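According to Swiss-Prot, the protein carries these features:
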type	residues	note
SIGNAL	1-23	signal peptide
DOMAIN	40-90	domain 'I-EGF 1'
DOMAIN	91-127	domain 'I-EGF 2'
DOMAIN	132-179	domain 'I-EGF 3'
DOMAIN	180-217	domain 'I-EGF 4'
DOMAIN	220-270	domain 'I-EGF 5'
REPEAT	231-275	repeat 'V'
DOMAIN	271-311	domain 'I-EGF 6'
REPEAT	276-326	repeat 'VI'
DOMAIN	316-362	domain 'I-EGF 7'
DOMAIN	363-399	domain 'I-EGF 8'
REPEAT	368-414	repeat 'VIII'
DOMAIN	404-449	domain 'I-EGF 9'
DOMAIN	450-486	domain 'I-EGF 10'
REPEAT	455-494	repeat 'X'
Amino acid sequence: MHPPGFRNFLLLVSSLLFIGLSAAPQSFLPSLRSLSGAPCRLSRAESERRCRAPGQPPGSALCHDRGRCECGVCICHVTEPGTYFGPLCECHEWICETYDGKTCAGHGNCDCGKCKCDVGWSGEACQYPTKCDLTKKISNQMCKNSQDVICSNAGTCHCGRCKCDNSDGHGLIYGKFCECDDRECIDDETEEVCGGHGKCYCGNCYCEAGWHGDKCEFQCDITPWESKRRCTSPDGKVCSNRGTCVCGECSCHDVDPTGDWGDIHGDTCECDERDCRAVYDRYSDDFCSGHGQCNCGRCDCRAGWYGKKCEHPRNCPLSAEESTKKCQGSSDLPCSGRGRCECGRCTCYPPGDSRVYGKTCECDDRRCEDLDGVVCGGHGMCSCGRCVCEKGWFGKLCQHLRKCNMTEEQSRSLCESADGTLCSGKGSCHCGKCICSGEEWYISGEFCDCDDRDCDKHDGLICTGNGICSCGNCECWDGWNGNACEIWLGTEYP
């Protein structure tokens with residue numbers, strides 16, 4: 001039995017312990033825990049205060065309503081296409097501006113959807129150097145689009161980089177050369193982008209299923225499945241891979257310059273009349289070598305002629321295979337794709353043009369001419385389609401002077417492309433001009449930045465042999481038209 005004094009001592013200790021627990025902060029309560037799972041040492045009020053934006057009163061949204069608060073730390077929700085982030089989940093725009101395929105142009109860091117530029121760079125994508133060492137001429141040259149227009153007439157050039165005109169603040173004009181104008185996608189009546197039924201990319205609307213039109217303004221009265229069924233050709237391809245299906249009807253890619261149907265036609269674009277054109281018969285409006293009729297891409301030959309394209313006379317002592325082989329020579333195409341083969345003999349086209357000659361029409365002196373018609377730059381002579389340059393000149397068209405009065409530094413500054421690479425890494429620099437690699441015949445352009453393989457082909461020939469490839473686009477010779485210079489618009493040859 002304990003004395004009364006001991007009992008009083010126990011009562012005093014119990015009272016003090018009760019008071020202490022009552023006054024203890026809620027951080028010791030098991031309801032709040034830290035990220036490690038240990039009890040949180042913050043009160044609930046303090047934890048929530050740390051998860052609110054500065055200046056927000058108690059009871060307002062925690063973590064901007066984009067996450068949960070755990071012991072004063074915001075755990076942000078995962079969203080599409082990325083995640084909310086930031087100390088208070090305040091950042092949603094996680095993608096920063098890009099320039100030439102690089103985030104913040106490679107000259108800054110992406111912070112909460114905005115570029116923080118390195119010293120010496122500015123702009124929404126850190127694409128503009130604050131100090132420019134380029135001359136105005138070089139700067140403007142670097143700002144020209146493929147049509148040689150500075151910033152597509154939709155912006156201004158700053159040190160070789162385009163700054164697009166977006167005074168309205170909507171940013172609808174963009175692109176490396178300000179070539180994209182999304183204002184073209186806005187419906188004039190509703191003022192909605194693509195009528196609210198599609199997405200805009202570089203000034204073109206891509207409509208949702210069931211809608212069509214330049215601005216997705218027309219609704220299709222049949223289901224997408226039925227539309228696709230009507231457009232499917234017998235070989236199971238939508239519009240035979242030669243057109244676009246719009247509400248159950250095929251719009252074939254080929255357009256005849258006269259306004260009638262073009263070489264590609266049919267309900268599902270299944271007919272390609274180009275299959276009736278022999279590579280050595282491109283210079284006439286007649287199909288099937290002029291000796292038959294073309295029916296949906298197949299030749300029906302007249303009497304006395306045979307072959308896939310009615311190219312072989314029946315009275316020829318040679319077989320069709322022997323005739324074609326004699327006309328090919330070292331080329332993969334009969335008459336090098338520049339003439340007509342009949343019974344093993346080539347007739348070069350166009351008739352009367354002395355620039356195309358040879359037993360198999362292998363020589364084409366038009367290749368020695370520049371776009372202005374000057375032969376070998378005026379500094380050489382043409383021999384079977386190749387320039388033989390005068391002393392002191394070199395290059396494919398004798399366009400480069402061997403003697404140079406520039407310093408190496410001056411020369412290099414003129415050869416650097418927009419990203420600072422010398423001749424795009426595909427050539428060497430001589431006197432301020434890029435000499436593109438001879439091993440890669442398809443590399444061209446002022447800065448060796450063009451790939452001539454991108455030019456359209458027909459019959460296996462770049463620009464159909466009726467023009468030259470200039471930075472990915474065909475520049476057709478007189479009388480020819482079309483993306484691949486495959487359409488003859490001149491007078492018929494006899």
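Glycine is treated like the rest: Cβ placed from N, Cα and C.
Here the domain 'I-EGF 9' (404-449) has a mean pLDDT of 81 out of 100. With a cut-off of 8 Å between Cβ atoms, the residues of this chain six or more beyond the domain 'I-EGF 4' (180-217) that come close are 154, 172-174, 223-224, 246-247.
Listed stretches 40-90, 91-127, 132-179, 220-270, 316-362 were compared with the domain 'I-EGF 9' (404-449); the greatest number of C-beta pairs under 8 angstroms is found for 132-179. Only pairs six or more apart in sequence are counted, and the domain 'I-EGF 10' (450-486) with the domain 'I-EGF 7' (316-362) gives three or more Cβ pairs under 8 Å, enough to call it a contact. For the repeat 'VI' (276-326), the DSSP counts in helix, strand and coil order read 14 helix, 12 strand, 25 coil.
DSSP states for the domain 'I-EGF 4' (180-217), grouped as helix (H, G, I), strand (E, B) and coil, give 7 helix, 14 strand, 17 coil.
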